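Per TrEMBL, the features are as follows:
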type: DOMAIN; residues: 296-359; note: domain 'MIR'
type: DOMAIN; residues: 370-427; note: domain 'MIR'
type: DOMAIN; residues: 431-491; note: domain 'MIR'
type: TRANSMEM; residues: 58-79; note: transmembrane segment
type: TRANSMEM; residues: 127-147; note: transmembrane segment
type: TRANSMEM; residues: 153-173; note: transmembrane segment
type: TRANSMEM; residues: 185-203; note: transmembrane segment
type: TRANSMEM; residues: 209-228; note: transmembrane segment
type: TRANSMEM; residues: 240-265; note: transmembrane segment
type: TRANSMEM; residues: 575-598; note: transmembrane segment
type: TRANSMEM; residues: 610-630; note: transmembrane segment
type: TRANSMEM; residues: 642-662; note: transmembrane segment
type: TRANSMEM; residues: 674-694; note: transmembrane segment
Amino acid sequence: MLGFLQRPVVVTADINLNVVALTAVGLLSRLWQLAYPRAVVFDEVYYGQYISFYMKRIFFFDGSGPPFGHMLLALGGYLGGFDGNFLWNRIGAEYSTNVPVWSLRLLPALAGALSVPMAYQIVWELGFSHCAAVGAALLILIENALITQSRLMLLESALIFFNLLAVLSYLKFSNSQKHGPFSPSWWFWLVLTGVACACAVGIKYVGVFTYLLVLGVAAVHAWHLIGDQTLSNVRVLCHLLARAVALLVIPVLVYLLFFYVHLLLLCRSGPHDQIMSSAFQASLEGGLARITQGQPLEVAYGSQVTLKNAFGQPVPCWLHSHQSTYPVIYENGRGSSHQQQVTCYPFKDVNNWWIVKDPGRHQLVVNNPPRPVRHGDIVQLVHGMTTRLLNTHDVAAPLSPHSQEVSCYIDYNVSMPAQNLWRLDIVNRESDTDVWKTILSEVRFVHVNTSAILKLSGAPLPDWGFRQLEVVGEQLSRGYHGSTVWSVEEHRYGRSQEQKERELELHSPTQTDVSRNLSFMARFSELQWRLLTVRSDDSEHKYSSTPLDWVMLDTSIAYWLHPRTSAQIHLLGNIVIWASASLATLVYALLFIWYLFRRRRRVCDLPEDCWLRWALAGALCAGGWAVNYVPFFMMEKTLFLYHYLPALTFQILLLPVVLEHISDHLCRSQLQRSLFGALVVAWFASACHVSNTLRPLTYGDRSLSPSELKALRWKDSWDILIRKY
């Protein structure tokens, strides 16, 4: 029974020394002098502030994408013992001694280093030679822009890593399909594919392009699997379910996990709270939670409330009124009602308070017990400080002439009766008897007389309106839009009928204690919606560029300049690799179309296994380039050269594939192959020479003389040469 103890336990392993060597040189190229320069480099000023928020557990909002990439950078800070105390306000600022620069840059550098052996394995798993696989890895290794981007506190290297991991995992899964379906390794690579896709999307939304590419290839393979007559129906169903779970369900769960950890860590109020709803803000420690603690939950007749617009654009604001009236005549010659102005004000103010009144009663206090307001009830809104009622009528709004003016009614004893009845519409109600609730309820106010809905137009009023935002009544029959939705943020039960006592009440804190916990899914849904809808600042940048500039490297970015010497870091690619990769993509497309037409004519230039390998390499490499490049032509945002790096990586993988194909299938004789091989060696030597020449701008560790700087401006030299000849 214990016979196994009489024999030694032996573990055998296959170690690919190519992978080991490539990993070693990848780590050396990315980790060498990683803490230099000890200064804020380009977008480190942008990501660094979010790392500080993580360290202090302060909520922030970054509209550029999901939180996983930020959490990876913050993990580096946590491992290095960073306390978050650094002012990220200037590119080039020297890091203080408490900032663990090496640790903060470690994870992006590791991602960049591991991309080198991963490139080798992808080309090898595609079925090409070790020589082609090593060539792909070496090109990733020496490409200057990839080195620069991976040595800083930036996200592109992590995005590229997970893009490549998703492709590699799927290839390993696909290859294991031939030998041992449903084996442990089969499941491992399939699940890892889904996890890697989720990580890519979780770093930047552009990661979804690689995810869709992998899903597309998997769908084609699944379609062929369905037609395999050697498999039973049950077996085919198991294959499809396994793929659906691993490639659809697991990525969604992992993506949700990123937000769960993100919201779990960021539990404190911060400077970006106001972009979120009142309910979201109240779920954070401090800030609004401190202000609203103890508020009554149910809004009743006589309640004193502040109403925040749910849209939050162009800035978060509250329904507001003041003593000033609309001008009798506007600048364009149109007339107004000369009623009291109603606006949306982006600051907390005593004039933001309104009283919910029962139209059938005169009292402005809450009964005992309180009478809650429900969906569908008719209410009047009384401005707390001026006691005038919210009103709208068939008079054009000041800046939106197709909408109605909203005002607080002043009786001028003219033929303009008050129209101040509003029907409460709870948008997120569960039933038609729902009670209007503080913070939790999203409501619309529908005007009884005209059916207009109270809406924030967002247009800033002229000086007579103190540049506050216009509020209008708009005929919207159906549909949801945040500009028409309001929520109660601050709330108290009114106790004083006299105006002077009520004014004192409006300045005093509330007393009732009601707990209000927002669920994770509610917070996730809101944050996700904000990430997708809130537009970031798209102002022009001096280093911004267009997708057409990227292909031939017609742009660069100065990342860092030494304050005392001429040492500097530029995001500048290796022109030999970039131009060759673009040429290889064009050659692949032409060859693929040629072979496709020939096969249609029943002429097979390639054996079936070579054709399938060639087609799969194109789908993943050329397709990976296309899906990560073409969408940028349709994006209305400020673009930079580094946006091209994920697409470039796939192009580089395709380059040795095309070279090997030319050598094996288009060079007819041994002499042609030898000559072509010599050309490839000379070409690779030139790529290495360019990489070494640009090394001072890649690492920034050496001062450059004016003549050296001029010599490195290859584009200017090339333009002069063209003009000369």
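Glycine too: its Cβ is placed from the backbone N, Cα and C atoms.
Unlike curated entries, TrEMBL annotations are predicted automatically.
Keep in mind the model is a prediction, meaning the values are calculated, not measured.
Listed by sequence, the residues of this chain that lie at least six past the ends of the transmembrane segment (153-173) yet keep a Cβ under 8 A from its Cβ atoms are 41-44, 47-48, 51, 69, 72-73, 76, 104-105, 107-109, 111-112, 114-115, 118-119, 121-122, 125-126, 146, 185-186, 189-190, 192-193, 196-197, 199-200, 203-204, 206-207, 210-211, 214, 217-218, 620, 624, 628, 642, 645-646, 649-650. When each of 58-79, 127-147, 240-265, 575-598, 642-662 is scored by its Cβ pairs under 8 Å to the transmembrane segment (185-203), the top-ranked stretch turns out to be 240-265. Across 240-265, 610-630, 642-662, 674-694, the stretch most heavily in contact with the transmembrane segment (575-598), judged by Cβ pairs under 8 Å, is 642-662. Panel annotation: around the transmembrane segment (610-630), residues 122, 126-128, 163, 167, 171, 206, 209-210, 212-213, 216-217, 547, 550, 585, 588-589, 592, 595, 599, 604, 644, 646-651, 653-654, 657, 661, 665 of the same chain, lying at least six beyond its termini, place a Cβ under 8 Å from a Cβ of the stretch. Here the domain 'MIR' (431-491) is broken down by DSSP into helix, strand and coil counts: 6 helix, 27 strand, 28 coil. Residues 47, 49-51, 100, 103-108, 153, 155, 158-159, 199, 201-205, 255, 258-259, 261-262, 265-273, 275-276, 284, 527, 530-531, 534-536 of the same chain lie 6 or more positions beyond the ends of the transmembrane segment (58-79) yet place their CB under 8 Å from a CB of it. Within the same chain, residues 18, 22, 25-26, 29-30, 112, 115-117, 119-121, 157, 160, 571-574, 577, 609, 613, 617, 641-642, 645, 648-649, 652-653, 655-657, 659-660, 684, 687-688, 690-691, 694-695, 697-699 sit at least 6 positions outside the transmembrane segment (127-147) and bring their C-beta atoms closer than 8 Å to a C-beta of that stretch.
With DSSP states grouped into helix (H, G, I), strand (E, B) and coil, the domain 'MIR' (296-359) comes out at 3 helix, 30 strand, 31 coil.
Averaged over the domain 'MIR' (296-359), the predicted model reaches a pLDDT of 90.
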